[in-house]
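J.: Below, the features straight out of TrEMBL:
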type: TRANSMEM; residues: 12-30; note: transmembrane segment
type: DOMAIN; residues: 43-147; note: domain 'FAD-binding FR-type'
type: BINDING; residues: Y98, V113, K115, M122, S123, T164; note: FAD binding site
Amino acid sequence: MDFLLGRSVETMVAVAVAVVAVAVGGAFLLRRSKKPKGCLDPENFKEFKLVEKKQISHNVAKFRFALPTPTSVLGLPIGQHISCRGQDATGEEVIKSYTPTTLDCDLGNFQLVIKMYPQGRMSHHFREMKVGDYMSVKGPKGRFKYQVGQVRAFGMLAGGSGITPMFQVARAILENPNDKTKVHLIYANVTSEDILLKEELDSMAEDYPDRFKIFYVLNQPPEVWNGGVGFVSQEMIKTHCPAPAEDIQILRCGPPPMNKAMAAHLEALGYTNEMQFQF
């Protein structure tokens with residue numbers, strides 16, 4: 001009897017240990033699979049501290065803002081943007097939308113690449129910001145919702161600072177090993193100095209040669225230049241973007257005159273409204 005009792009106790013202990021192990025393992029897997037909660041609030045502005053300001057050119061800078069913890073995520077869906085609130089030169093409140101160049105895989109911070117115009121109201125606020133200052137941010141915002149495999153290929157027509165949503169979408173696609181979508185980007189600027197994120201874009205083209213193509217267009221090119229010259233034309237779109245089809249989409253983001261011209265070009269080339277999206 002003592003022998004049987006001992007075996008019974010050993011069995012109960014083993015079962016208890018196994019149950020605890022399963023429970024702990026299940027909790028660990030639950031924590032791993034649970035998507036972290038984002039820091040944004042679509043209804044209320046929240047404050048984020050500027051921890052780095054890096055000047056890229058005379059009127060462009062990168063602003064890096066800290067999230068509450070090193071493992072926090074911003075919580076911004078791919079292709080959407082945020083509202084930033086500041087003050088213009090007269091002290092009046094101003095709110096403007098921007099697209100971060102970071103993704104939710106970039107933990108603990110988010111980054112904005114800002115082109116600051118001389119008369120820009122929000123440009124004044126960014127120009128005056130110093131490390132340690134706080135930015136009021138609200139979001140997410142936007143009509144664009146991306147899902148892996150929703151199209152075979154994207155064509156992208158960007159002008160100036162309109163590159164930021166394109167960069168965000170392209171980066172999310174290319175860095176996802178399960179996403180086979182191809183990206184064809186035409187990026188227009190006035191001069192070569194105006195090209196934002198050029199180093200990052202060229203690196204993407206080099207790292208993903210079969211999935212990412214970029215064609216630069218300059219209105220005032222340097223003497224040595226192998227890209228497009230002038231304004232984006234129908235011929236450039238026909239050459240560098242996917243042809244009209246049900247499984248492609250053309251994304252547009254640039255100054256209003258460019259957006260209007262691109263819409264006319266796309267219509268003339270046979271792209272339906274369903275094949276287009278303007279940020």
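Just so you know, glycine gets a Cβ as well, placed from its N, Cα and C.
Nobody curates TrEMBL annotations by hand; they come from automatic prediction.
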J.: Report the same-chain neighbours of T164 (FAD binding site): residues 6+ apart in sequence with Cβ closer than 8 Å to its Cβ, ordered by sequence.
T.: Y98, T99, P100, T101, V113, L196, L197, C253
J.: I'd like the number of other C-beta atoms within 10 A of the C-beta of Y98 (FAD binding site), please.
T.: 20
J.: Other residues with Cβ within 8 Å of the Cβ centroid of Y98, V113, K115, M122, S123, T164 at the FAD site?
T.: K96, L112, I114, M116, F126, S161
J.: For the FAD binding site, please report the maximum Cα-Cα distance among Y98, V113, K115, M122, S123, T164 in Å.
T.: 17
J.: As a test of the contact definition, list every same-chain residue at least 6 positions from K115 (FAD binding site) whose Cβ is closer than 8 Å to its Cβ.
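T.: Non-local contacts for K115 (FAD binding site): N59, V60, S123, G160, S161, L196.
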J.: For M122 (FAD binding site), write down the residues of its own chain that are at least 6 apart in sequence and whose Cβ falls under 8 Å from its Cβ; none is a fine answer.
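T.: Non-local contacts for M122 (FAD binding site): C84, G86, D88, V94, I95, K96.
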J.: Would you count the other C-beta atoms found within 10 angstroms of the C-beta of V113 (FAD binding site) for me?
T.: 21
J.: So how many other Cβ atoms are close to S123 (FAD binding site), meaning within 10 Å of its Cβ?
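T.: 20, counting other Cβ atoms within 10 Å of S123 (FAD binding site).
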J.: Residue counts in helix (H, G, I), strand (E, B) and coil for the domain 'FAD-binding FR-type' (43-147), per DSSP?
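T.: Across the domain 'FAD-binding FR-type' (43-147), the residues distribute as 8 helix, 46 strand, 51 coil.
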J.: Could you please provide the mean pLDDT value for the domain 'FAD-binding FR-type' (43-147)?
T.: 95
